[in-house]
Amino acid sequence: MKDIISVYDFSKSDFDELFELADKLRNMSTYPKILKEKTVALAFFEPSTRTYLSFNKAAINLGASTIGFSGEEGTSIAKGENLADTIRMLNNYADMIVIRHKFDGAAKFASEISEIPVINAGDGKHEHPTQTVIDFYTIYRNFKNIDGLTFGLMGDLRYARVVNSFLRALTRFKPKKVYLISPPQLSARKEILEELNYPYREVIDYNEVIEEIDVLYVTRIQKERFPDESEYEKVKESYVVDMNLVSKMKKDAIILHALPRVNEISREVDKTPQAKYFEQASYAVPVRMAIFHKIVGE
């Protein structure tokens, strides 16, 4: 596997292998140095905390040195250097590139120029494939399976790249049902829905379906996406996970969030058995270590 640009780059067996490898890596006190004498470039044209640091830690754990930036300030990009030239430059300095960019398709564009492997760490509102592997690994850890579960994705389903990757990755499995819970202004994109091979239903009021859901994936309602602020005011409180919502969920259901959150999950929910988003974040390093293994073929 040379590049990871989309979740479609993973087969069902790839997911299974990554889960198994992440399990092994989580339990190791020392790690195989499969990236010894290698350099990983972290080219984060958008600022990042969790993704940047977890990729950095994963690479170092496997013996690599890392170079890179998070945000364009202080780089030649801020002076106007184009993406193609930056990627060509990084090919001279590194053995692998992890890229995050604000434009859809930037990771694929980079992979077409690059002679070294490229991993997509989020491109615009397109995809975030390695986050989805973390999401699915969290589900696997809690349910031992992904097939047969009922999913609810709630909040901004139009602009959140994690949603696109999540929905696409589910085509590799057999979910019982998927509920897409959002205001009409932020409903999932038609082109994404046309790719799905499993039953789904679009819902405005979570109360209609919350009791059925095994996995609730929450994203932030983005005020800046609404052309009319009054429309945002109408829906902003409708998609907050609070204790009232949790009380209606199955006892063994789980709540996921890619983080960072703003106010879409109340702090009081953090201590409930359903809250798994910090556990989810803790899997970022072992899962991304497993992804590096997949890239180098070891």
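Cβ coordinates are placed from backbone N, Cα and C, and glycine is handled just like the others.
Residues or ranges marked as carbamoyl phosphate binding site by Swiss-Prot on the basis of sequence analysis: R50, T51, R100, H128, Q131, L259, P260. The L-aspartate binding site annotation in Swiss-Prot covers K79, R161, R220.
Neighbour counts were taken as the number of other C-beta atoms within 10 angstroms of each residue's C-beta; across the binding-site residues R50, H128, R220, the minimum falls on R50. Max Cα-Cα distance over the annotated carbamoyl phosphate binders (R50, T51, R100, H128, Q131, L259, P260) is 16 Å. For L259 (carbamoyl phosphate binding site), the same-chain residues lying six or more positions away in sequence with a CB closer than 8 A to its CB are R50, Y277, Q280, A281. Across the structure, H128 (carbamoyl phosphate binding site) and R161 (L-aspartate binding site) are spaced 6 Å apart at their Cα atoms. Summarising the environment of R161 (L-aspartate binding site), the number of other Cβ atoms within 10 Å of its Cβ, over all protein chains shown, is 21. For the pair T51 (carbamoyl phosphate binding site) and R220 (L-aspartate binding site), the Cα-Cα distance reads 17 Å. In this structure, L259 (carbamoyl phosphate binding site) belongs to neither helix nor strand by DSSP; it is coil. Among the binding-site residues R100, Q131, P260, the ones whose Cα sits within 10 Å of the Cα of R220 (L-aspartate binding site) are P260. Other Cβ atoms within 10 Å of the Cβ of P260 (carbamoyl phosphate binding site) number 8 in total over all chains.
Neighbour density for T51 (carbamoyl phosphate binding site): within 10 A of its CB lie 24 other CB atoms from the protein chains shown. Excluding the listed site residues R50, T51, R100, H128, Q131, L259, P260, the same chain places S48, T49, A121, G122, V162, A258 with Cβ atoms within 8 Å of the centre of the carbamoyl phosphate site Cβ atoms. Q131 (carbamoyl phosphate binding site): 26 other CB atoms within 10 A of its CB, across all protein chains.
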